[in-house]
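Colleague: Before I ask anything, here is the structure I am working with.
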Amino acid sequence: MAERLGILVGGGPAPGINSVISSVTIEAINNGLEVIGIYDGFKHLVEGKTNMVKKLSIEDVSRIHIEGGSILRTSRVNPAKSEETLEKTVQTLKKLGIKYLVTIGGDDTAFSASKVCERSKGEIKVVHVPKTIDNDLPLPENMPTFGFETARHVATELVYNLMQDSRTTNRWYFVAMMGREAGHLALGVGKAASATITIIPEEFKEGVTLEEVCDVLDGAILKRKLMGRDDGVAVIGEGIAEKMDPEELANIPGVIVEKDPHGHLRLAEIPLATILKRAIERRYAERGERIHIVDVTIGYELRSARPIPFDIVYTRTLGYGAVRFLLGDYSDLPGGMVCVVGGRIKILPFDAFMDPKTGRTKVRVVDVRSEDYRVARKYMIRLEKKDLEDPETLEKLAKLAKMEPEEFKKKYWHTTELP
């Protein structure tokens, strides 16, 4: 009887998942394995269910590599939330006859995979294929996580369309961009689309207030107005909400602060662009003016997009590498994560990305001291020190804000500071 390899997907969707499933299935079958697709991540495994699976054939997967979404669906169920659920998961996998397990997911799924591998005590060899459109896993040599490049490509087109609409209708757009703790997607999209301003969580300190974030946006709007323009697009990393005080967020009418099974804030339930829009509108109302702002959130539109060639090529290599590792190539580790380093497949131990202080996966954040960030910032419209140090410019900006020059300088100086 052929040995069994199981595949499951955890976390949010990302372009390229089906390509991984396809390449894993084809390589595994070509090496004599039976491939079992497990539906809905760990959801049914933690309940002991063995019927939510499908035997995959090459015919099932031969053309899915160009499609978005996941034929196995996905879920955020965390099998490592307790000793009982972890043990149940391992026992269910054993009942299914799974000897090899391929997990596809982000940092939470990687953590779950490592715990399953550890609990199985060598009976199930586990390999994790890291994915997230947030690009926040610290892969070697700064390689992107699969799905990121497609997400940036699709989102850039959307933001470019909004920029054209902004110019045509003489209004501002506040665009919240997916990215829990890191601003890679927001910055990449803003830079590629030449958005008026992009703000990301990495540029703010912990506990940043709504007022301080609004100062940055308001400063950009005023400077743009001084240049004769009442239009613009601000790309806003949703992870900024993670930097804010949850109590302040909870006190905003209409905002519900909840956490997911992994303990993260449900950022999708926090309408950051709307919150910032209303706060800026209140400022302008206090000045006796009206400003036209449209709030947009971009995220779900990207996750199941058809992958661009970069992500298809990348994921086929990752899927192939995952199977080769399980069959004994590359490393003798009982489990690990597959990645590409310098064009070559490499297996890293699960703890390679672990933060010893937290016991959780490290997060790759935007390096705000890098040339990449500095270049992006150079092409934004935002207040700079020279604007506030030049008496003539300062006076004009203060007049627009209906403030005294020194009052304006004191309030907005913090927005000119580089992180």
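Cβ atoms here come from the backbone N, Cα and C positions, even for glycine.
Quick caveat, the model's predicted, so the values are computed rather than measured.
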Colleague: Which of these, E67, E238, E247, E371, does Swiss-Prot list as part of the substrate site with T132, I133, D134, M178, G179, R180, Y300, E301, L302, R303?
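Modeller: Looking at E67, E238, E247, E371, the one Swiss-Prot places in the substrate site next to T132, I133, D134, M178, G179, R180, Y300, E301, L302, R303 is E238.
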Colleague: Can you figure out which of G12, D107, D108, K131 (the recorded positions) comes closest in space to R303 (substrate binding site), comparing Cα atoms?
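Modeller: Smallest Cα separation from R303 (substrate binding site) among G12, D107, D108, K131: G12.
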Colleague: How big is the Cα-to-Cα gap, in Å, between E238 (substrate binding site) and D107 (Mg(2+) binding site)?
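Modeller: About 18 Å separates the two Cα atoms.
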Colleague: Same-chain residues six or more away whose CB lies under 8 A from the CB of E301 (substrate binding site)?
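Modeller: Correct list: V154, A155, L158.
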Colleague: Which Cβ among the recorded positions (D108, D134, E238) has the fewest C-beta neighbours inside 10 Å?
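Modeller: Among the recorded positions D108, D134, E238, the lowest count of other Cβ atoms within 10 Å belongs to D108.
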Colleague: CB neighbours of G179 (substrate binding site) within 10 A?
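Modeller: So the number of other Cβ atoms within 10 Å of G179 (substrate binding site) is 31.
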Colleague: How many Å separate the Cα atoms of T132 (substrate binding site) and D107 (Mg(2+) binding site)?
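Modeller: Distance between the two Cα atoms comes out at 8 Å.
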